[in-house]
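For reference, the structure discussed in these notes is given below.
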Amino acid sequence: QGEKLWDALRISAYVFSRGVLMFTALVNSVSWFMQNITLGNFWQTAWLKFYNLMEGDEWTIFLLGAALVPALAFWGFNGILLVADITGKPTFITRYRIQLGKNDPVDTKKLRQAIYTALGNQFFVSLPMLVPMFHVMKWWGNTFSKELPTFQWFLVELSIFAVIEEILFYYTHRLVHHPVLYKHIHKKHHEWTAPIGVVSVYAHPVEHILSNMLPVMTGPMIMGSHIASISAWFSLALVTTSISHCGYHLPFLPSPEFHDFHHLKFNQCYGVLGVLDYLHGTDRVFRQTKAFQRHKVLLGLTPLSESIPEEPKSAE
C-alpha cells in the first residue's frame with residue numbers, strides 16, 4: 001500500500017508539474033492576446049456593462065451565472081449529441097461510438113425518461129441548492145465584485161476545484177455503490193450501461209445532491225470565488241461530465257473511455273481524474289483492457305476503436 005501511495009504521489013507530481021508548465025504557457029499567451037488584441041480590458045468592460053444592466057442585483061446575477069449559463073452550456077452541447085443519438089447522423093460522429101452497436105439508435109422511451117429526470121433534477125434539486133450557496137457567497141463578500149479575478153487566479157481556482165471535486169466525487173460515488181444504497185439510489189443511474197451525454201444528470205435526487213452537486217459546489221464556496229469563476233466552472237463541469245457519458249470518443253476532446261468503462265463494468269473507475277482509483281486499485285481491471293490503451297485525447301480523425309480494436313473473441 002505504501003508503494004502504491006508513493007506511485008500515486010509520483011504520478012500526481014508529474015501531472016501537476018506538466019500542468020503548471022502548460023498553465024504558464026497558456027497564461028503568457030492569453031495575457032499577450034488580451035493586452036495586444038483586446039487592449040487588455042475587454043472582459044472587464046463587458047462584465048461592468050452586464051453588472052450595470054442588472055443594476056447590481058446580486059441574486060439575479062448569481063442566478064444567471066450559476067444556473068442559466070451552465071444550463072445553456074449543458075443543453076446546447078447535449079442537443080448536438082442527441083441529434084446523433086436519435087438519427088444516427090451525421091455518420092462521421094457515430095463512427096466514434098465507444099460501445100459499438102449500442103444506442104444505435106437510442107431507445108426513445110428511455111431517452112424521454114432520462115430527459116425528464118435530468119430536467120427535474122436541475123429545476124427541483126439544483127436550483128434550491130443554489131439558495132444556501134448564494135448566502136455563503138454573500139458572506140465571503142467578493143463574489144459580486146465589480147473587478148473580475150485575473151486569469152492567473154482563475155487557473156489556480158480551477159486546479160483547486162478539480163482536486164476537491166475528485167476527492168468528494170470518488171468517495172460519494174463509492175458510497176452509493178454500497179449494496180444497501182445501490183439498490184435504492186445509484187441503480188437508477190446505471191440503467192444505462194452504454195451512457196449518453198444527458199445521462200450525466202440522470203440520477204436519484206439523493207445521488208444528484210451527494211455526487212453531482214456537492215463536489216462541484218464545494219470548491220467555489222471554500223474559495224469565495226467570483227460569480228464569473230463560478231459560472232465558468234459550473235459550465236465546464238457540466239460539459240466535461242457530458243463528454244464522460246456521451247458514448248463517443250471524439251477528436252480533440254477529453255477521453256470518455258474511463259467513465260464509459262465504469263458504466264460497462266460497474267465496479268471500476270469511480271473517480272474523475274483517476275488518481276484515487278489508482279491509489280485504491282479500482283482501475284486495475286481497466287488498465288488491462290484495450291479501453292485503457294484508447295484512454296487518451298484523439299489527435300487524428302481515425303476512430304480509436306479502429307486503430308486500437310478489441311481482440312476478436314476466440315471461437316468455442
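Note: Cβ is positioned from N, Cα and C throughout, glycine not excepted.
Across the domain 'Fatty acid hydroxylase' (160-282), the model assigns an average pLDDT of 96. For 160-282, the entry in TrEMBL reads domain 'Fatty acid hydroxylase'.
The transmembrane segment feature in TrEMBL is assigned to 20-39 (among others).
The transmembrane segment annotation in TrEMBL covers 59-84 (among others). Outside the transmembrane segment (59-84), and at least 6 residues removed from its termini, the chain residues within Cβ reach (under 8 Å) are 50-51, 90, 93-94, 111, 122, 126-127, 130, 133-134, 137, 143-144, 196-198, 201, 227-228, 230-231, 234-235, 237-239, 242, 246, 248.
Annotated transmembrane segment per TrEMBL: 114-131 (among others), in sequence order. Within the chain, the transmembrane segment (114-131) has long-range Cβ neighbours (under 8 A, six or more residues past its boundaries) at 62-63, 66-67, 71, 188, 192, 196, 198-199, 201-203, 205, 208-209, 212-213, 217.
The transmembrane segment annotation in TrEMBL covers 151-171 (among others).
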Residue counts (helix, strand, coil, in that order) that DSSP gives for the domain 'Fatty acid hydroxylase' (160-282): 87 helix, 1 strand, 35 coil
